[in-house]
Amino acid sequence: MAQFLFEADLHGLLKLDTPIPNAPPARWQRKAKESGPGPSPVCVSPMKPANRSHSSSKTPSKTPGKSGSKIQSTPTKAGGDRYIPNRSTMQMEMANFLLTKENDPAEESPTKKEQQKAWAVNLNGFDVEEAKILRLSGKPQNAPEGYQNNLKVLYSQKMTPGSSRKNSRYIPSMPDRILDAPEIRNDYYLNLIDWSSQNFLAVALDNSVYLWNHATGEIIQLLQMEHPDVYISSVSWIKEGNYLAVGTSSAEVQLWDIQQQKRLRNMTSHCARVGTLSWNSYILSSGARTGHIHHHDVRVAEHHVATLAGHTQEVCGLKWSLDGRYLASGGNDNLVNVWPCTQGGGGDFAPVQTFTQHQGAVKAVAWCPWQMNVLATGGGTSDRHIRIWNVCSGACLSTVDAHSQVCSILWSTNYKEFVSGHGFAQNQLVLWKYPTMTKVAELQGHTARILNLTMSPDGTTVASAAADETLRLWRCFEMDPIKKKEKEKANSAKSSIIHQSIR
Amino acid sequence: MAAQQQLGREHQGITLRGSAELVAEFFSYGINSILYQRGIYPPETFTRVQKYGLTLLVTTDPELANYLNNVTEQMKEWLYKCIVQRLVVVISSIESSEVLERWQFDIECDKTAKDDNGPREKSQKAIQDEIRSVIRQITATVTFLPLLESACAFDLLIYTDKDLAVPAKWEESGPQFIANSEEVRLRSFTTTIHKVNTTVAYKKDSVP
């Protein structure tokens, strides 16, 4: 029998987490017994300070030997040990209650079934036992491809400009002038106004082109198409301002002399309407509905010198860079292509860059006047973003959500800013700071979407043509007279220095 | 049954069948309104109709109309049998198939109406007035519901009694809940036989 007792003892000793049965009571137990006035020494109210026994017999019993010896070796400090010097602030019973309560289900003592039911109701929102969820198999067809929620444009408008920084100059919020543009074609893909270096504003109204002299205010009708169904789809001034290129819906590209008010040439090479034109000295580039871009050398009889095939749909934005090295084109296929001015090794033109990030037709294309390789592009209704590119590296330098169709972008030559024209819902012009891309101002007034923007030769005025059949002139880049003088002075000082050095 | 219905109409009361028809009709117009107001389908595929003294928009797309009609007819039958508990319109993004909005119509059926055949005392006009205010509220929700940024599809779930045999072409489904949702309770209406409580749950904006 004795060996069994021994075995039981051994078991007891090996089980560390049970109290040693016949060990002398630990000091805390003895103390509790002595001090406890009531019959149950374990159950002491938590309010009683400095009494370790209210941690209940559970905790010390886990390592009874250890805790006993530890307490004996430490100098007796009221109710504390080396690690937790003061237990009096701990609400042990409260903590214990909360700990155990957390694991309990909501009911006091639920039967298993009830508990499961409660869980099911909580998780599924219905009782699995009592309900069934049915659906008609086969989903209703989705909205057609490309459909976009109209509310999106309506409810994602922001009234306040992105930046509240005080603007240093005065920008008139009203247009300087409003001109009527009856029968202007409300077609996003056309380019209907252009302002020449000789201060003539060319406006294409359906099948005729009018010239408005900004200096004198007189209006000349330059041309009218013979066939009533043919309309003007694009106009573009040569840099010198004495010739106007006109693209028509009958796929012609015409060249008009302003002095004589006569047609010089009629160049046919396209087979669809010519929606956009851009000059690079004697090369006139034209983009057509077919997606092809043609280069016309206007000096020679065989004018069609090159074809650039990089778009699958209508080309609506076309701009030569100011140094004439690159041609940027944007199309209805959401692509932006950047073309070199000369063909590659094989004799074919291939784009040096193709940007695919826009989600809508790209009509707004503009080159930065002070950084030659920076290009700004803006997307249509389904995109609504303005993107700035470095065409050498192909990197997108910055992107800003304009919250509205971008129809045109123009860089200011007077300030480090650019202006963009927009459609639904506010039909406004927005002035942006570059490179911070913060809004400087919003110019509102048009009652229908803006179609085109063009800038006066002195860079102070922006003309906007809109579908509300008006042209509005905004003096948004007016030079500060003091700064202007300083600039002129600086220029003259520079020239005098050069002059001296030469002497 | 038809004679009884006739009788019910004359007495300005409402029978079980009449109630089922009214409620099913409400669902048809309600779902159409949701699809239009939330921009699930292009607005040009909807046409205006006069109903409940309001101008409501109803889809003209034949395939969609047919689908809705199938569901409404089935609902009518189940409403008549008083075995339907809830109708849910689930709106989810097509791209991520994440549930963005959940329109829940809880139906409380008075099952005693199956046994007593007499019509209940409530005029059709009073019921229609109640329905009108619910539909008006559905229209007004556009102002507070978050914009559905991506293209969305919808699905209809019907909660029925457990013992119902699943009819052909129908299948069982999960509840399709929205994780982290906000809920708004709309008005309710009752035909005295069927009571419909409307709530809309939508995904909380990630940015508070």
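In case you wondered, yes, glycine gets a Cβ from its N, Cα and C as well.
What TrEMBL lists as compositional bias 'Low complexity' is A:35-46 (among others).
Positions annotated as compositional bias 'Low complexity' by TrEMBL: A:56-70 (among others).
According to TrEMBL, the domain 'CDC20/Fizzy WD40' annotation covers A:179-474.
TrEMBL lists A:24-84 with the feature region 'Disordered'.
Summarising the annotation, TrEMBL assigns repeat 'WD' to A:232-266 (among others). Here the repeat 'WD' (A:232-266) has Cβ contacts under 8 Å with residues 187, 190-198, 200, 202-209, 211, 220, 222-223, 225, 272-279, 281, 284, 286, 288, 294, 296, 298, 303, 457 of the same chain, all six or more residues outside its ends.
Taken from TrEMBL, the feature repeat 'WD' covers A:308-339 (among others). Same-chain residues lying 6+ beyond the ends of the repeat 'WD' (A:308-339) with a Cβ under 8 Å from its Cβ atoms: 188-191, 272, 275-281, 285-295, 349-356, 358-367, 369, 372, 375, 377, 379, 383, 389, 391.
The repeat 'WD' annotation in TrEMBL covers A:443-474 (among others). Counting only same-chain residues 6+ beyond the ends of the repeat 'WD' (A:443-474), those with a CB under 8 A from a CB of the stretch are 171-184, 186-188, 190-199, 201, 203, 214, 241, 405, 407-410, 412-414, 419-424, 426-431.
Taking H, G and I as helix, E and B as strand and the rest as coil, DSSP gives the repeat 'WD' (A:232-266) the counts 0 helix, 23 strand, 12 coil.
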